[in-house]
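K.L.:
Here Swiss-Prot flags 24, 27, 40, 43 as Zn(2+) binding site, drawing on sequence analysis.
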């Protein structure tokens, strides 16, 4: 879980656009965030297993 201060700092618009970075909308994790969904791989996996992400299913080959 990310510190609350970092999450609040991330929500504010940065002075320069290059300073912007992605964070998970659920847990605040800064790494391995899927841009399409806006959540990290860990939260994505949990939601996918629950069936809460439409059109997403486990790969099998």
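Along the chain as shown, the residues are counted starting at 1.
Using the three backbone atoms N, Cα and C, a Cβ is placed for every residue, glycine included.
What you see is a predicted model, and the numbers here were worked out from it, not measured in a lab.
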K.L.:
Is it possible to get the count of other C-beta atoms within 10 angstroms of the C-beta of residue 27 (Zn(2+) binding site)?
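P.N.:
Taking all protein chains shown, residue 27 (Zn(2+) binding site) has 14 Cβ neighbours within 10 Å.
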K.L.:
When DSSP is mapped onto helix/strand/coil, what comes out for residue 43 (Zn(2+) binding site)?
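P.N.:
The three-state answer is helix.
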K.L.:
Just name the most isolated of the binding-site residues 24, 40, 43, going by other Cβ atoms within 10 Å of its Cβ.
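P.N.:
It is 43 that, of the binding-site residues 24, 40, 43, has the fewest other Cβ atoms within 10 Å.
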